[in-house]
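Have a look at the structure below before the remarks.
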There are 2 protein chains.
Amino acid sequence: MSEIFVFGHQNPDTDAIGAAISFAYLQKELGKNTVPVALGTPSEETQYALDYFNVPAPRVIEEAGSQTKQVMLVDHNEFQQSVADIKDLSILAVVDHHRIANFETADPLYYRAEPVGCTSTIIFKMFKESNVVIPTQIAGMMVSAIISDTLLFKSPTCTEEDIQAANELAAIAEIDLNGYGLDMLKAGTNLSDKSAEVLLDLDAKSFPLGDKNVRIAQINTVDFNDILSRQDELEATMNAEITANGYEMFILIITNILDSDSELLVLGNSLDKVEKAFNISLENNRSFLKGVVSRKKQIVPQLTEAFN
Amino acid sequence: MSEIFVFGHQNPDTDAIGAAISFAYLQKELGKNTVPVALGTPSEETQYALDYFNVPAPRVIEEAGSQTKQVMLVDHNEFQQSVADIKDLSILAVVDHHRIANFETADPLYYRAEPVGCTSTIIFKMFKESNVVIPTQIAGMMVSAIISDTLLFKSPTCTEEDIQAANELAAIAEIDLNGYGLDMLKAGTNLSDKSAEVLLDLDAKSFPLGDKNVRIAQINTVDFNDILSRQDELEATMNAEITANGYEMFILIITNILDSDSELLVLGNSLDKVEKAFNISLENNRSFLKGVVSRKKQIVPQLTEAFN
């Protein structure tokens with residue numbers, strides 16, 4: 001029986017890595033020959049969680065087809081966010097909490113999506129439904145993923161189910177939710193030694209909007225000035241990526257995880273669509289968005305409507 | 001709070017109607033203002049079940065947008081099988097057991113697909129997970145849907161979960177599975193008074209394969225000759241529909257529900273793709289397919305591969 005690869009999206013965040021580890025574990029307990037892999041190296045935030053719970057980082061793959069034909073996707077479904085050769089693979093299962101788009105299969109599959117704040121919250125329910133015990137290390141990665149995706153429950157994507165799951169998992173993982181959570185989030189905001197290329201690729205996804213391709217990156221910080229002091233350098237890199245990849249637009253969301261607000265930095269064409277979508281005027285390519293922290297809930301739907 | 005419409009695919013079969021009724025009931029018990037509707041009138045098989053369990057047929061709608069913006073889909077996801085204005089609606093939930101294709105949303109949603117034989121089997125699990133009691137009438141429609149989709153457990157799409165669910169539901173519905181099941185299936189094979197147009201539309205779906213649109217209809221019978229004696233009339237109608245709708249091909253699957261075999265009748269272009277997909281030679285536009293009863297598992301994947 002060949003291995004079944006389980007992985008999250010490109011530029012993996014803590015949920016993409018944590019959900020791959022926990023879902024691969026659950027499926028293995030249920031008799032499948034699953035192994036977690038990743039489409040990139042862990043961020044510093046994710047590495048903090050891996051180190052804390054003594055979990056090895058999943059092996060990074062560039063493609064899957066030379067090693068297996070069977071995969072399970074977590075925390076994403078859109079093909080442009082997945083492994084490069086996804087169209088040649090058989091997708092056995094998806095567990096996700098995003099919109100569904102640019103996804104199709106030839107055969108019936110297991111697909112479980114719920115509009116909650118974190119994929120790991122759904123996987124937590126699946127552990128319960130299957131009566132599989134959650135080990136400490138796995139619980140630690142799952143609660144880290146929920147803290148990360150919900151910004152410690154401050155994101156509007158956060159639901160009662162996420163909070164409930166996080167509390168139960170924190171007890172299993174033997175952590176203090178707030179203390180551990182803030183330490184982990186802050187570990188991800190130490191960005192001064194990173195190049196603009198790296199910063200813009202930490203948590204970046206491409207979205208087909210209308211007939212255009214839009215790149216949307218997000219950076220968490222505890223001080224806007226840490227990032228905005230490098231605006232010139234960031235803009236040069238964003239423009240280079242727009243040219244190299246044919247993006248209609250590059251949007252950088254800089255999110256203050258302590259205040260739960262964001263600054264947008266936007267380059268490219270169709271800037272009027274961004275201004276219309278959020279009822280803002282860009283000045284110096286920037287605008288402040290009060291209370292906005294969620295790309296999925298507060299950015300992408302509004303842009304989707306503006307582009308349609 | 002406006003109503004949320006719950007419906008199955010066009011040309012509804014017993015699962016499309018039964019799953020809409022049962023899922024709308026479950027969601028209503030969970031606090032949603034759901035109402036089952038249908039994208040067509042019940043077949044004679046479905047009407048047999050509705051009459052037996054004294055359940056009113058869902059209201060037929062042509063479009064949804066003038067009445068509600070919020071919908072839940074059961075037993076389908078592909079937009080070309082759904083309500084005409086599906087792209088203008090907000091899809092809150094999908095419960096299905098088919099491949100995923102030609103489906104997308106702007107927002108995260110609840111999506112539950114499992115590779116089992118019948119949508120109603122998944123809904124049965126959801127009743128259990130939610131601790132909602134299943135009334136006799138609802139159980140009756142759900143077990144009828146499982147009997148229909150699995151041809152009384154003879155289809156290769158049938159899983160242990162379908163059989164288990166059907167047995168538990170039959171107990172609640174107070175029926176003898178085999179006796180009721182055969183009576184219901186036979187009620188759907190009384191086709192002599194139906195025009196070729198009606199026959200070809202009873203259980204027909206369009207599938208985008210490669211860059212072509214292929215129509216695939218299925219008719220259940222207890223005697224091939226009941227259908228094949230009308231081959232000339234059927235072919236004339238199939239050719240007319242190919243012309244009117246630009247289908248690349250029209251495939252009619254005639255399935256003997258007693259022997260669990262099928263005859264294919266195929267018209268249009270790319271006939272070599274059909275011959276290659278099933279390793280057959282069409283004679284008089286026909287070929288016998290031993291042991292083939294499932295469009296979803298034994299026809300569509302093979303054709304998808306042939307067209308790619």
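In case you wondered, yes, glycine gets a Cβ from its N, Cα and C as well.
If you check TrEMBL, you get these features:
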BINDING   A:HIS9, A:ASP13, A:ASP75  Mn(2+) 1 binding site
BINDING   A:ASP15, A:ASP75, A:HIS97, A:ASP149  Mn(2+) 2 binding site
DOMAIN    A:181-307  domain 'DHHA2'
Problem set entry | Assigned conformation of A:HIS97 (Mn(2+) 2 binding site) - DSSP reduced to three states | coil
For this session: Using Cβ atoms and a cut-off of under 8 Å, determine which of the binding-site residues A:HIS9, A:ASP13, A:ASP15, A:ASP75, A:ASP149 neighbour chain B, and list them by sequence position, or give 'none'.
Result: none
Exercise. Hey, does DSSP put A:ASP15 (Mn(2+) 2 binding site) in a helix, a strand, or just coil?
Worked result: helix
Exercise. Over the domain 'DHHA2' (A:181-307), what does the predicted model average in pLDDT?
Worked result: 93
Exercise. Any idea what the Cα distance is from A:HIS9 (Mn(2+) 1 binding site) over to A:ASP15 (Mn(2+) 2 binding site), rounded to a whole Å?
Worked result: 9
Exercise. What other residues of this chain sit with their CB within 8 A of the center of the CB atoms of A:ASP15, A:ASP75, A:HIS97, A:ASP149, the recorded Mn(2+) 2 site?
Worked result: A:GLY8, A:ASP13, A:ALA16, A:ALA19, A:VAL74, A:ASP96, A:HIS98, A:GLY117, A:CYS118, A:THR119, A:SER120, A:ALA145
Problem set entry | Cβ within 8 Å of the mean position of the Cβ atoms of A:HIS9, A:ASP13, A:ASP75: remaining residues of the chain near Mn(2+) 1 | A:GLY8, A:ASN11, A:PRO12, A:ASP15, A:ALA16, A:ILE17, A:ALA19, A:VAL74, A:HIS76, A:GLN81, A:THR119
Seminar exercise, completed: DSSP assigns the residues of the domain 'DHHA2' (A:181-307) as 53 helix, 37 strand, 37 coil
Exercise. Around A:ASP149 (Mn(2+) 2 binding site), which residues of its chain at least 6 apart sit with Cβ under 8 Å of its Cβ?
Worked result: A:ASP13, A:THR14, A:ASP15, A:GLY117, A:CYS118, A:THR119, A:SER120, A:SER155, A:THR157, A:ASP162
For this session: Can you grab the distance from A:ASP75 (Mn(2+) 1 binding site) over to A:HIS97 (Mn(2+) 2 binding site)? Cα atoms, rounded to a whole Å.
Result: 6
For this session: Determine, from DSSP, whether A:ASP75 (Mn(2+) 1 binding site) sits in helix, strand or coil.
Result: coil
